[in-house]
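Taken from TrEMBL, the feature domain 'Major facilitator superfamily (MFS) profile' covers 125-529. Taken from TrEMBL, the feature transmembrane segment applies to 123-143, 163-183, 190-210, 216-239, 251-273, 279-298, 343-364, 384-405, 417-434, 471-498, 505-524.
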Amino acid sequence: MAISGLVSNRNFTSFIAPGNYQLRKDLSLQRGSIFSVHHGGQIAKNPFARKISHIEQREVYGLGVRKLSKVKRACVHYRSEEYEIDETKVDPVVSNEGASEARQLEGNGTTVSPWWRKLPKRWLIVLLCFTAFLLCNMDRVNMSIAILPMSQEFNWNSTTVGLIQSSFFWGYLLTQILGGIWADKLGGKVVLGFGVVWWSMATVLTPIAARLGLPYLLIMRAFMGIGEGVAMPAMNNILSKWIPVSERSRSLSLVYSGMYLGSVVGLAFSPFLIQNLGWPSVFYSFGSLGSIWFAFWLQKAYSSPKDDPDLGAEEKRLILEGGVSKAPVSDIPWKLILSKAPVWALIISHFCHNWGTFILLTWMPTYYNQVLKFNLTESGLLCVLPWLTMAVFANIGGWIADTLVSKGVSVTAVRKIMQSIGFLGPAFFLTQLSHVKTPAMAVFCMACSQGSDAFSQSGLYSNHQDIGPRYAGVLLGLSNTAGVLAGVFGTAATGYILQRGSWNDVFKVSVALYIIGTLVWNIFSTGEKILD
């Protein structure tokens with residue numbers, strides 16, 4: 001009599017009757033294929049058998065038993081010549097893949113998985129993009145804190161500081177459109193992975209370049225910009241393929257809130273690292289984190305749902321029926337794209353938006369230090385508040401936008417409402433800075449300005465996928481090129497204005513551009529697809 005029992009890598013069900021025990025396996029079986037069990041010349045069939053791989057053998061209770069790792073089902077059969085029993089049983093086994101654990105509950109045999117196993121794969125992609133953008137801004141804003149002790153050590157004036165801050169945008173500008181083209185043709189996984197590795201290496205090498213001389217530092221900051229320049233187009237491409245329209249605002253808001261939280265982390269930890277380990281430690285520690293992210297990205301990410309072999313059929317159907325782009329891009333119709341008024345509304349509005357945003361990103365610590373008289377640590381900690389506000393309100397705005405769309409409000413109306421808040425809110429609060437009397441009120445106005453700015457993630461930043469999902473990467477590359485030009489000119493111009501004027505003059509320019517952006521956006525933008 002041959003009996004074999006239910007086996008898992010946590011327990012072993014023993015049997016009373018003595019005899020010869022036997023376990024059979026077939027590595028060639030695919031999911032849904034037939035598992036054969038022999039009994040008296042006849043074949044019993046199990047239609048629930050699944051592919052079995054990576055078999056590890058061990059002896060349990062003197063029986064020839066195989067432990068199955070990295071499988072979802074173990075098929076065990078036993079045969080009794082004495083009692084004419086022939087049966088095949090299927091038992092869930094623990095998978096050693098990743099950190100997941102499926103456990104069989106007593107009584108009903110239901111499997112329970114940890115929360116990370118239940119997370120939809122499309123939202124795992126969103127979280128990985130969120131983390132990439134977290135690192136992106138951590139590596140970008142550390143210079144805005146480190147520039148204070150660096151300028152003292154190397155005797156840099158305000159014009160030189162503005163030149164260093166703007167040099168990042170030289171490289172950032174070069175790869176906006178190229179990053180979009182590469183992402184639409186090669187896939188977002190390849191391009192975003194390249195970008196993170198590139199800018200992480202440039203971050204680590206920044207202190208070495210600074211000690212070699214100013215030209216080397218400018219080149220290294222431009223190199224860092226090259227890597228970060230592909231991030232937004234690549235992210236936009238990969239989310240356009242993974243996220244249905246009904247979840248678009250929430251997903252983009254979450255990813256962009258990674259940028260804001262990256263600013264929070266960078267601005268909060270940089271002063272402590274600088275005071276305890278010196279300013280180079282900021283670049284070494286932040287830059288090294290990119291290698292950890294890249295390891296997860298290689299293992300878990302795919303450019304498209306069609307490329308993911310582990311994606312469930314139900315989620316794949318939800319994604320593909322949710323209006324995402326399925327066809328790859330071979331040729332880009334530049335003439336058609338540039339002939340559309342909503343595309344130019346994106347480009348102009350992105351320029352107006354980024355002028356104010358990048359000024360605050362790069363010059364806020366200096367404003368706190370020079371105008372509000374905060375020291376290095378206080379400047380870093382108080383700079384956290386506006387970006388933390390942006391992270392919160394970006395997700396609130398995303399939830400509001402998706403809720404409005406789900407209730408039948410047109411996508412066009414939702415995009416115009418969200419972006420109008422993103423323009424007029426910062427404009428109003430920046431005008432109040434010249435009237436406040438205390439540092440606390442100045443910080444409050446900064447936080448409110450950035451918080452209302454975050455509604456732009458549900459406005460113009462979501463609109464690329466609305467008007468042309470197949471060309472989402474290229475469209476973001478185009479509009480963000482204009483945004484980067486705003487960063488280049490705005491950051492450098494701020495240093496020039498401060499040598500001849502005041503911070504009120506800096507803020508007046510930003511307010512004027514916010515108003516122009518509001519008018520252009522509400523007249524020419526649309527939420528309908530105009531590029532197929």
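Just so you know, glycine gets a Cβ as well, placed from its N, Cα and C.
Among residues of the same chain six or more beyond the transmembrane segment (123-143), those with a C-beta under 8 A of the stretch's C-beta atoms are 164-165, 168, 192, 195-196, 199-200, 203, 206, 221, 224, 228, 231, 235, 238-239, 242-243, 251, 254-263, 265-267, 270, 282-283, 286-287, 289-290, 293, 296-297, 300-302, 361-362.
Long-range neighbours of the transmembrane segment (279-298) within the same chain, counting only residues 6 or more positions beyond its ends whose Cβ lies under 8 Å from a Cβ of the stretch, are 128, 131-132, 135, 138-139, 142, 145-146, 149-150, 153, 189, 192-193, 196-197, 199-204, 206-207, 266, 269-270, 273. Only pairs six or more apart in sequence are counted, and the transmembrane segment (163-183) with the transmembrane segment (251-273) gives fewer than three Cβ pairs under 8 Å, not enough to call it a contact. Across the residues of the domain 'Major facilitator superfamily (MFS) profile' (125-529), the predicted structure has a mean pLDDT of 86.
Counting residues 6+ beyond its ends, the transmembrane segment (417-434) has Cβ neighbours under 8 Å at 249, 349, 352-353, 356, 397, 400-401, 404, 442, 445-446, 448-460, 462, 503-504, 507, 510-511, 514-515, 517-518, 521-522, 525 in the same chain. Sequence-distant contacts of the transmembrane segment (251-273), counting only residues of its own chain at least 6 positions beyond either end whose CB sits under 8 Å from a CB of the stretch, comprise 122-123, 126-127, 129-142, 144-146, 235, 239, 243, 281-282, 285-286, 361, 365, 376-377, 379-381, 383-384, 387-388, 390-392, 394-395, 397-399, 401, 454, 457-458, 461-462.
Contact between the transmembrane segment (216-239) and the transmembrane segment (471-498) is supported by 3 or more Cβ pairs under 8 Å, counting only residues 6 or more apart in sequence. Sequence-distant contacts of the transmembrane segment (343-364), counting only residues of its own chain at least 6 positions beyond either end whose CB sits under 8 Å from a CB of the stretch, comprise 140-141, 143-144, 165, 169, 263, 337, 383, 386, 419, 422-423, 426, 430, 446, 449-450, 453, 456, 460, 463-464, 467, 475, 478-487, 489-491, 494, 506, 509-510, 513-514, 516-517, 520-521, 523-525, 530.
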